[in-house]
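Sequence annotations record features per position, and here TrEMBL assigns Ca(2+) 1 binding site to PHE24, GLY26, GLY28, GLU68, ILE254, LYS256, GLY258, ALA296, THR299, GLU304. Per TrEMBL, Ca(2+) 3 binding site is recorded for ASP298.
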Amino acid sequence: MSTITVPAEVPPVSDDVEQLHKAFEGWGTNEGLIIEILAHRNADQRKLIRHTYAETYKEDLLKALEKELTSDFERIILLWTLDPPERDAFLANEATKKGAKSNHILAEIASTRSSQDLLLAKKAYHLRYQKSMEEDVAHTTTGDFRKLLWPLVTSYRYEGDEVDMSLAKTEAKLLHDKITEKCYNDDDFIRIITTRSKPQINATLNHYKNEFGQDINKDLKADPKDEFLAILRATIKGLTYPVKYFEKRLRLAIEKTGTDESALSRIVATRAEFDMKIIKEEYKKRSSVSLDQAIAKDTRGDYEDMLLALVGTTES
């Protein structure tokens, strides 16, 4: 479901490395050449390019890019060049430094990644920051946010398809009871959301809707301005319908007065190799234009070119 186009015959990595180095030489940086190479290489190829670049020129490619690029174009290139687990580690660490306004990014990473991908991100966090993601989340969050986010990043959910329907029925009632009582931070409520397998949570929430008449997230909109409830809803959407979660985040980023380039770059960089194709389909269903058309309307220059290279253009 990747939207990036990798050439049928990829040049030797030494050629890519040499061309990237040439892009930095002379009076001006050749941004088009950087896009032409990096936007059309998969994660394994980019990792090898970065390794070979460091061996050849005794400099981390990321450092070289940082020196040559600026603004939103720099950020999307750097995010894309990072290996996916290291990218998630970087985004999580950045979120812990920005306070409560970035709690949704921690919830996004923890809820939309597989158990193995989250584990790899936590290992990458160890290597990059010499500490754990869990300790930083625990240290930088407070109250109900910590109560939700710390077990979210700590969890290693079962990945099997087995579902206990009796348990789903019991826990659907528990969730409904706690919402009725407005006990949104209840220990068992949090336990279910942060530890059950995704198929089990889906079964529970399907039973919730059938038994009580509407989606749980609608019942969690009692106070639209409550930030904890917003994070809780985002977590549930990320666990159960990640494609719809990312489509909505993209739509909000683009439709916002003044495009939210940070969210746009994060989602495009993290989803281009995974589920961007079906995210684009969902976006087209919900909007009057395709995602690439919306991006082209709201962004400019090299930043636009890089985003479109990763998202892919709609075939006519």
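Heads up, the Cβ atoms here are built off N, Cα and C, so glycines get one too.
TrEMBL entries are annotated by machine, without manual review.
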Expressed to the nearest Å, what is the distance separating PHE24 (Ca(2+) 1 binding site) and ASP298 (Ca(2+) 3 binding site) at their Cα atoms?
28
Binding-site residues compared (PHE24, GLY28, GLY258, ASP298) - the one with the fewest other Cβ atoms within 10 Å:
GLY258
Name the residues of the same chain, 6+ apart in sequence, whose Cβ is under 8 Å from the Cβ of THR299 (Ca(2+) 1 binding site)?
ASP72, THR259, GLU261, LEU264, LEU307
Cβ-Cβ distance under 8 Å to ILE254 (Ca(2+) 1 binding site), same chain, at least six residues away:
ASP260, LEU264, ALA294, ILE295, ASP298
